[in-house]
There are 2 protein chains.
Amino acid sequence: MSNILRLDSQQEGFAEKLDALLCREADTGADVQDLVAGILADVKKRGNAALCDYTERFDGWACTGETIEISRERMQEAWNSVSDMDRESLQMATDRIRAYHERQHQDDWEYTDEVGMTLGQRITPLDRVGLYVPGGKAAYPSSVLMNAVPAVVAGVKEIVMVVPTPGGEINELVLAAAYVSGVQRGFAVGGAQAVAALAYGTETIPAVDKIVGPGNKFVAAAKRQVFGTCGIDMIAGPSEIVVVADGGNPAWIAADFLSQAEHDEAAQSILVSTDAHLLTQVASAIEAHLQVLPRAKIARASVETHGALILVQNWDEAADVVNTIAPEHLELALENPDEILPKIRHAGAIFIGHFVPEALGDYIAGPNHVLPTNRTARFSSPLGLYDFQKRSSVIRATRAAVEAIGPAAAHLAHREGLQAHALTLELRLKDKS
Amino acid sequence: MSNILRLDSQQEGFAEKLDALLCREADTGADVQDLVAGILADVKKRGNAALCDYTERFDGWACTGETIEISRERMQEAWNSVSDMDRESLQMATDRIRAYHERQHQDDWEYTDEVGMTLGQRITPLDRVGLYVPGGKAAYPSSVLMNAVPAVVAGVKEIVMVVPTPGGEINELVLAAAYVSGVQRGFAVGGAQAVAALAYGTETIPAVDKIVGPGNKFVAAAKRQVFGTCGIDMIAGPSEIVVVADGGNPAWIAADFLSQAEHDEAAQSILVSTDAHLLTQVASAIEAHLQVLPRAKIARASVETHGALILVQNWDEAADVVNTIAPEHLELALENPDEILPKIRHAGAIFIGHFVPEALGDYIAGPNHVLPTNRTARFSSPLGLYDFQKRSSVIRATRAAVEAIGPAAAHLAHREGLQAHALTLELRLKDKS
């Protein structure tokens, strides 16, 4: 039997034990900050020359501004070279991700109020976005789709991908995903040096307005440092799932539990139930699956270090546990999931019922798989159309409107000691032309 | 005549000159990072004891966990103590800010597609938000309203304010603004130590899910460092305005120009016109205003260091200049503003016509005055309701839906080497119960 922590909401110190369970330190690259700052400054100053120096040093190939470019034609070649099932799966995923994100479109609006002010909100896409794609061993074509498709739907004019090719190796399925999802240009570079190239631009790589996509701690540290020069998405931490179950098939629940654990030893899987017997059945099923899964070593380390089976008394308690965890992924494998759903305040994505394993959402359901990790679902959202757009306020006034509300504004300006602010209003108020 | 840079789109090297003009280095507190990290760690560890040590050292008063609290009753006292005009102005601003932000409400949605997947998006408020309010000289009650009201409209249950009171001094109008806008609790602390208290919690101050509001470089550095533990709003840089004008009253335009400049020597004001004569008239009017404005010294330093009067050939060129600047505030003081409006891609807030000086938006129009500065309008938005809410994806599947799209998901999982992911789908697919 695998050695998974069991907790009971009735035991003394349960809240403290739960807190301790959730204290996973995310490695955000604090130790490489200075190294990364040096790389950023160097690429900003020397452009391609620095970019290629670091690429030779870290990825082991001698490149130039010309040889790093991956053209649309090269992506199309990859698309043509992969199998029919590869193409069909990528196409279906792309279409479904597009359909979901199209629902996130918001219209501009404007209204005129009783004093004659016309106020509104305009939404416009970002001009150019950079997509960081990890290379080498952990090459995830699904990540290309999840980042590129919303940008395309948002109306971003140019999507630029960087992907490291250590030892010159490139993943054909990643290129095929870039092709089908609408990436315009690719560059075979990675690491902090690629983030610098996207943020500042080089002779070859255009500067972008926002950088999205996952990476190792060097990439994470670089994204933190360039934030402000361009936008960044969230800094992804270790992934987690919470399954709330009241029965169902223990083997299914165990597989769902392990699907998170196989990602990474730092991943966290937690099962919450009112049924102690189910917790035991799932624990057995986890062990059975671990006997045959290729990534059992990683998954076992994850479940034995960070996993937990939690017994609660009722669904109110279950909701409290979920809200404390604020999980990236939440499965409600329940007969009556809509009883607990209104009580859930914090979760990145919620999978409802017995037929929706998280993996369906990771690849093909349509909603984004880039989700807030490590309790950040308390204040942040899945990647979406809105990450590739920004809003502008629109403000129009008639003379009558300024007369109605201008004096109050001028008063507040004087009270804040900002007389030029007040003057702009007073000049309009005294104008009788 | 004040010495303001004049540029002409026809001159050689115009693009480079414009770029150079826009290169204002924002002081984001890189030099105080280590100092701030020490304060954060100390408050995290020692709570109130550390918070009060730093408050005594930096703000000069000996406080305790009890004496730092500013109750709702104290806020109400302040509300009762200010003048009728103060109360009316704050009330009008609060009502108008609330009305605008209520328009930003979005409904949850769910749809069922042709394969039987039901997909949706839920929006929920943050639980608890911390509002940083600068104290001492630069006390801005309008900033309290602009940060607190959207949080209230979003449904945030608890809004906590921190405001430093150097030498024990507190601004009554700030407290009155906190009262009318719905701040529940206040604490008379500031600086990096107050940010730490909000992020980690102390015996007295509850930990919050997001920290918003402007501050000095210590506050900015602290917010950057706690990001991840809680959310933060943008890091505000020096403020700017671009006025595009084709006539109108030079004295009005000059006042609008100076209303930005009086904030800060690092602020930037730029006027763009097709009319060289207007540029000269405005330059004269700026000088005339500077003779009488109390903050003339700051405004002159800003205008002479960062200001510019730019002559363009037509409105296409004007739009290009605006999009390059991506200004925080844009005034279109034009006879036909809607001709150029569709060409504007990047701006925080757009003030349209001759009767909308920026100051109207700063205080009372309704849209938020917390706007993306320093070219970040390329990728970010005004503070809004959406900053106090987060989204969750909702995913439901029938057995038939999993049969339709599950095989493609399982295929992609195998291609990414994630067999437990595939297993979760295969178990459901082979179930015939």
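Every residue gets a Cβ built from N, Cα and C, even glycine.
Under the heading active site, proton acceptor, TrEMBL lists B:GLU328 (among others). Note: B:GLU328 (active site, proton acceptor) has non-local neighbours B:SER239, B:GLU240, B:ILE241, B:ALA347, B:GLY348, B:ALA349, B:LEU371, B:PRO372, B:THR373, B:ASN374, B:ALA377, i.e. same-chain residues 6+ apart with C-beta under 8 A of its own C-beta.
The Cβ of B:HIS329 (active site, proton acceptor) lies under 8 Å from the Cβ of B:SER239, B:GLU240, B:ILE241, B:VAL242, B:GLN260, B:ALA347, B:GLY348, B:ALA349, B:PHE351, B:GLU358, B:GLY361, B:LEU371, each of these being in the same chain and 6 or more residues away along the sequence. Look at TrEMBL and you will find B:HIS329 (among others) tagged as active site, proton acceptor.
For B:GLN193 (NAD(+) binding site), applying a Cβ distance below 8 Å and a minimum sequence separation of six or more within one chain yields B:ILE39, B:VAL43, B:ALA50, B:LEU51, B:TYR54, B:THR55, B:PHE58. TrEMBL lists B:TYR132, B:GLN193, B:ASN216 with the feature NAD(+) binding site.
The secondary structure of B:SER239 (substrate binding site), as reduced to three states from DSSP, is coil rather than helix or strand. Around the Cβ of B:SER239 (substrate binding site), 23 further Cβ atoms fall within 10 Å across all displayed protein chains. Annotation comment: TrEMBL describes B:SER239, B:GLN260, B:HIS263, B:HIS329, B:ASP362, B:GLU416, B:HIS421 as substrate binding site.
All protein chains considered, the CB of B:HIS421 (substrate binding site) has 30 other CB atoms within 10 Å. Taken from TrEMBL, the feature Zn(2+) binding site covers B:GLN260, B:HIS263, B:ASP362, B:HIS421.
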The one of B:ASN216, B:GLN260 whose CB sees the fewest other CB atoms within 10 Å, among these binding-site residues: B:ASN216
Need the DSSP three-state call for B:HIS421 (substrate binding site) to compare against my parser. helix
Name them in sequence order: residues not among B:TYR132, B:GLN193, B:ASN216 whose Cβ is within 8 Å of the mean position of the Cβ atoms defining the NAD(+) site. B:PRO134, B:VAL162, B:PRO164, B:GLY190, B:GLY191, B:ALA192, B:ALA194, B:VAL195, B:GLY215, B:PHE218, B:VAL219, B:ALA222
Spacing of the two Cα atoms, B:TYR132 (NAD(+) binding site) and B:ASP362 (substrate binding site), in whole angstrom, works out to 18
Using a Cβ-Cβ cut-off below 8 Å, which of the recorded positions B:TYR132, B:GLN193, B:ASN216, B:GLU328, B:HIS329, B:ASP362 are near chain A? B:ASP362
Counting every protein chain shown, other Cβ atoms within 10 Å of the Cβ of B:GLU416 (substrate binding site) number 20
With an 8 Å cut-off on Cβ-Cβ distance and a minimum sequence separation of at least 6, pull the same-chain contacts of B:ASP362 (substrate binding site), or say none. B:SER142, B:HIS369
Can you tell which of the binding-site residues B:HIS263, B:GLU416, B:HIS421 lies nearest to B:ASN216 (NAD(+) binding site) in space, using Cα positions? B:HIS263
